[in-house]
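Data block below; observations after.
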Amino acid sequence: MVDEFTHLDNQGKARMVEINQKPDTSRRAVARGSIYMKANTLQKVKTNEMEKGDVLGVARVAAIMGTKRTGDLIPMCHPLMLTGIEVNFNFDEENCKIDIEVIVKTTGKTGVEMEALTGVSLAALTIYDMCKSIDKTMKIEHIRLAKKSGGQSGEIENE
């Protein structure tokens with residue numbers, strides 16, 4: 001694992017990393033996060049009773065769109081041809097939260113960690129936006145890379 005910043009040149013200026021010499025490999029990243037809310041808000045989302053509509057359906061589309069646009073949103077990310085995006089939601093009624101998971105796949109020269117993290121972030125933000133009219137206490141927490149595979153660093157588990 002490299003202990004230096006690859007996005008800085010020898011003068012400390014930001015640059016986009018050259019990846020042309022890297023081999024194409026199968027890449028996969030799993031990101032996770034949670035949004036906490038009041039119990040009645042969670043129930044309305046679960047039963048699809050929110051005034052703005054299907055919260056998780058819209059959040060799923062937002063996650064997919066955000067994942068695909070990561071290269072436009074984060075300055076030093078390469079635009080990637082993604083081969084698969086999966087978005088999963090899990091209701092945790094005991095802790096009044098929705099757990100979000102985004103799995104991204106590609107075959108290419110660079111990883112898809114930022115894409116997975118962006119997907120989780122946008123799903124959580126979309127849920128927040130669609131529920132904020134009835135719940136001003138929501139919290140988005142624990143957005144993290146859970147797993148990745150492929151490339152020079154191989155398999156990484158972060159949970």
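Each position is counted from 1, following the chain as shown.
Here the Cβ of each residue, glycine as well, is placed from N, Cα and C on the backbone.
Per Swiss-Prot, the features are:
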- MET76, CYS77, HIS78, MET114, GLU115: substrate binding site (BINDING)
- ASP129: active site (ACT_SITE)
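Locations of recorded Swiss-Prot features on the structure.
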residue : record                 : DSSP class
MET76   : substrate binding site : coil
MET114  : substrate binding site : helix
ASP129  : active site            : helix
| query | Relative to the mean position of the Cβ atoms of MET76, CYS77, HIS78, MET114, GLU115, the recorded substrate site, which additional same-chain residues have Cβ within 8 Å? | reply | THR70, GLY71, ILE74, PRO79, LEU80, THR110
| task | Using the structure shown, find which entry in GLU115, ASP129 (the recorded positions) has the sparsest Cβ neighbourhood within 10 Å. | result | ASP129
| message | Return the count of C-beta atoms lying within 10 angstroms of the C-beta of HIS78 (substrate binding site), excluding that atom itself. | response | 15
| message | Given a separation of at least six residues and a C-beta threshold under 8 Å, show me what packs close to CYS77 (substrate binding site) in the same chain. | response | THR70, GLY71, MET114, GLU115
| Looking at the binding-site residues MET76, MET114, which one has the fewest other Cβ atoms within 10 Å of its own Cβ? | MET76
| query | If one measures from the C-alpha of HIS78 (substrate binding site) to the C-alpha of ASP129 (active site), what distance in angstrom results, rounded to a whole number? | reply | 28
| query | How far is it from MET76 (substrate binding site) to ASP129 (active site), counting Cα to Cα, in Å? | reply | 27
